[in-house]
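See structure below.
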């Protein structure tokens with residue numbers, strides 16, 4: 001029986017033999033479509049190839065694409081665990097043609113792979129075609145010899161694919177497997193088509209048309225093929241299973257779940273299925289750079305995590321268990337997706353941290369849910385306000401609450417929840433849907449297609465001659481400009497903002513004008529010089545001289561190179577789980593976000609700073625080599641999780657460390673894939689000063705530092721402050737800390753002494769000269785109005801008075817600047833008869849206050865004024881008289 005890994009390899013090998021380029025899976029966060037939350041099909045990374053915007057050096061491709069459907073309109077989350085074929089994470093096997101073979105070629109490949117390489121009986125297969133696609137129907141008869149009753153014509157959108165309301169589209173043909181008459185269900189297009197007898201295993205889309213806003217449609221000049229076959233579905237079929245969760249890969253994860261929860265594989269099966277599926281989606285999302293948060297993609301990840309964690313809780317897990325399953329996932333899928341192994345430490349730490357935090361509120365939230373359900377009629381829905389409270393207070397996503405209610409035969413009154421959540425949902429959508437990015441990006445794709453991309457010269461020079469290929473103002477091309485404008489040239493020394501490094505600034509000069517460059521961006525391979533013409537005019541087609549601001553570029557380079565050294569120093573100091581989550585390499589500072597669960601100690605911060613400075617002083621050359629991503633990883637180069645790299649990458653190395661295992665000689669300190677600009681030697685960084693670290697988001701810390709002149713200026717400023725403080729304290733700088741501590745200790749002792757003297761004076765000078773206690777109803781009662789003390793002094797004074805009484809009750813009223821503070825105390829032998837809370841409430845009411853609380857032996861409250869102190873004492877005495 002072939003494993004899922006075998007089936008994936010067979011698919012890719014088949015198409016590789018047939019002239020297809022095997023393209024690695026793209027990340028789950030789409031890089032070319034800001035409107036899409038997650039990659040959910042194989043064609044996403046080829047979208048621009050289908051539209052003709054992007055040209056690649058191959059016209060046939062094949063891939064095994066990791067996909068997530070758990071947000072937006074493509075959301076399978078609610079059904080996962082309860083059905084045979086729903087997943088949040090799945091693999092889409094696909095073959096693609098960009099203007100090469102078309103219908104006959106695609107159908108030939110599909111039939112050959114299924115019936116020969118996969119050895120599926122021909123009589124078990126049938127197909128659907130779009131009802132007007134006579135060509136596809138004829139090809140199926142020719143290639144496969146299928147009869148008319150096994151070529152089903154479908155007139156619905158199920159067999160006509162569209163990229164969107166406009167753009168490429170076309171009919172498709174779907175291939176189905178017949179499980180046999182013993183399984184309920186009818187063929188596609190029949191009233192019983194939702195049964196499990198006929199299962200779709202492969203969809204082939206024939207992109208042959210382009211649709212316009214008015215509904216009209218034309219034939220495309222470049223006809224293409226886009227196919228998709230779920231690995232889990234074809235795997236179940238080839239392994240003789242009717243349920244995707246019974247395949248070897250899913251079964252291994254389910255068994256791992258049972259092991260860590262000390263349960264039976266077949267008991268609590270739904271829970272194990274949810275955990276197995278969600279383990280895949282959470283791990284791959286974390287490996288691709290998504291971190292749990294309260295908005296956007298991070299919120300969807302958190303929802304998936306917490307749903308799995310609740311199911312682990314149901315299985316009896318008292319401590320975090322999800323992170324313990326990661327090794328099993330890496331064993332099963334790490335060979336096909338090496339990013340899992342590279343990110344294993346990060347995945348485990350993130351899962352453990354999130355589960356630890358969630359468990360703190362899970363029990364309380366579930367108790368609230370049970371308490372609310374007890375007050376509802378049988379079968380009544382949970383009020384939306386309660387579901388929102390579970391979300392807002394306990395971190396329960398709505399689908400987790402619905403999942404919990406599903407087991408009890410109840411639902412949520414969603415209208416109330418939706419109303420309460422409207423604002424939060426709007427914010428979450430805004431975080432990922434983009435703010436016109438797709439529209440803005442369109443013009444840069446068009447310019448790249450028309451004029452070509454911009455060649456970057458800035459690795460070797462800060463000045464260059466070039467030609468203006470386009471001028472853009474307010475989103476449209478113009479032929480000339482004399483104000484604010486975006487300038488595109490054929491080649492540039494200006495670095496476009498990317499990879500955390502800010503864009504260059506400087507000047508562009510032509511024969512007719514001068515422009516000040518305030519920012520440089522990059523999109524679709526086009527470098528966008530954001531400018532303001534300060535003299536004359538610039539015209540499209542002109543020759544220009546570009547000059548980068550040297551001082552600013554030098555400072556940015558120093559910060560970027562220091563960031564590489566910092567990354568390695570943090571990894572060595574804290575562990576392999578450290579991974580870059582974001583960075584800023586600006587002119588005046590650097591900022592580095594990295595995966596780590598807690599703040600750095602003072603010792604760790606100092607050690608990291610010292611390590612970076614040691615490699616700066618080493619003053620080794622900073623070298624750059626061009627190689628393939630695989631070659632770079634083979635020599636230990638660090639890559640960003642989730643980043644997609646081209647066929648060639650720049651690998652930046654700096655520092656010598658014997659035995660590091662990095663570099664061709666296994667003795668390189670820092671080795672990273674990076675497209676930014678860097679110093680020539682590490683010594684050019686000058687100096688590195690750590691400013692500290694802070695929390696950036698859950699499981700992510702932010703390290704901030706200065707380099708070069710900014711670092712020296714900061715140190716001089718700190719030294720000046722130190723000298724000034726030493727002069728004020730009349731102590732040498734070396735003894736300043738000891739002197740400050742001594743003064744602090746002395747001040748604290750004096751404060752305590754003054755407080756004690758003030759209390760003694762308030763109570764009568766400390767010699768027992770205060771007012772005499774009176775006896776009321778057999779209880780000794782001491783009452784006194786005090787000045788010169790605050791409310792916070794009263795508890796200690798109450799305790800002293802109770803000690804003097806031995807047995808009795810005390811009421812003290814402090815005149816605190818016009819307001820009153822009152823406290824009552826009752827000795828332990830009387831608290832069953834008399835409560836200090838009762839006394840203080842009566843006194844507070846007389847003082848114009850309300851409430852009051854505490855324990856039977858000591859309670860406090862406030863009042864509007866101490867003028868009514870006598871009335872307050874009388875109110876307390878009245879309580880005693882009734883005891």
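Cβ atoms are placed via backbone N, Cα and C, with glycine included.
Just so it is clear, the model here is predicted, and its values are computed rather than measured.
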Ranges in play 677-704, 705-732, 733-760, with TrEMBL marking coiled coil at 733-760
Which three-state DSSP class does residue 678 (Zn(2+) binding site) fall into?
coil
Residue among binding-site residues 564, 678 with least C-beta crowding, 10 angstrom cut-off
678
Which entry in the list of binding-site residues, 560, 674, has its Cβ near the fewest other Cβ atoms, using 10 Å as the limit?
674
Whose Cβ lies within 8 Å of the mean position of the Cβ atoms of 560, 564, 674, 678, the Zn(2+) site, other than those residues?
501, 557, 561, 563, 585, 622, 652, 654, 672, 676, 677
